[in-house]
Amino acid sequence: MAKIQLVAQANLPTEYGIFKMVGFEFPDTKKEHVALVMGDISNADEPVLARIHSECLTGDALHSLKCDCGFQLATALKQIQEEGRGVLIYHREEGRGIGLINKIRAYSLQDKGMDTIEANLALGFKADERNFEVCADMFELLGVKKVRLMTNNPEKVETMKKAGINVVERVPLNVGENRYNTKYLDTKAKKMGHYIVHNNDEQHLMTCPHCQEEII
């Protein structure tokens, strides 16, 4: 398969400031990915605050509380805005790579008691079908060699390092925990090795508006 190519770019004003939206495409499959770039990232020797964010329609656009994705996306963009410089790669691998419809099927199995890993396996998929190597190629096309990577996922860090991207710091992104996703976060920590810091202490439960909602 041919490597991904940078094919388009334009300014994108957002509530977090003006980003340059950069489009990438595989020439053979036409599979698309996107990056949002803020500020001057041309100095390859200066680490760039970065986030690899896998597509999550339910969390990012529909404000689902079943995961922490939407909260992580908003927090990452806000932190880049505060820094004045950074890159967010929007990795278009919905549902950890199984696609939106299969993600809904997995949610149905979770409604019946399975955790997020068990549901994927029951549908015939691996726990995580994503390929993060393409993200390293996108960083290279942007001229980014060193990153401070906002993630709780050790696989993203290791994949970037193996691909030649120098991850000088892992920046934790523990946000958005609520009563609907605590089990999901716990599963990611215990079964996938994610660096999850739980917020489910008494003070959090008493002050978080999501945790005060009626349990469905």
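The backbone N, Cα and C atoms fix where each Cβ goes, and this holds for glycine too.
Feature annotation from Swiss-Prot assigns GTP binding site to Arg51, Ile52, His53, Ser54, Glu55, Gln72, Glu94, Gly95, Arg96, Thr116, Thr151, Lys156; the stated evidence is sequence analysis. For Thr151 (GTP binding site), applying a Cβ distance below 8 Å and a minimum sequence separation of six or more within one chain yields Arg51, Ile52, Val157, Arg170, Val171, Leu173.
Look at Cys69 (Zn(2+) binding site): DSSP puts it in a helix. Long-range Cβ contacts of Cys69 (Zn(2+) binding site) within its own chain (separation 6+, distance under 8 Å): His53, Ser54, Cys56, Thr58, Gly59, Asp60. Residues annotated as Zn(2+) binding site in Swiss-Prot: Cys56, Cys67, Cys69.
Annotated active site, proton acceptor per Swiss-Prot: Asp128, in sequence order. Listed in sequence order, Arg96, Gly97, Asn120, Glu155, Met192 are the same-chain residues six or more apart from Asp128 (active site, proton acceptor) with CB atoms under 8 A from its CB.
The Cβ of Arg130 (active site, nucleophile) lies under 8 Å from the Cβ of Ser54, His91, Glu93, Arg96, Gly97, each of these being in the same chain and 6 or more residues away along the sequence. Per Swiss-Prot, the feature active site, nucleophile maps to Arg130; the stated evidence is sequence analysis.
What surrounds the Zn(2+) site, by Cβ distance within 8 Å of the Cβ centroid and not counting Cys56, Cys67, Cys69, is the set Ser54, Thr58, Gly59, Asp60, Ser64, Lys66, Asp68, Gly70, Gln72, Leu73 from the same chain. In this view, the densest Cβ surroundings among the binding-site residues Arg51, His53, Arg96 belong to Arg51, judged by other Cβ atoms lying within 10 Å. In three-state terms derived from DSSP, Asp128 (active site, proton acceptor) belongs to neither a helical nor a strand segment and is classed as coil.
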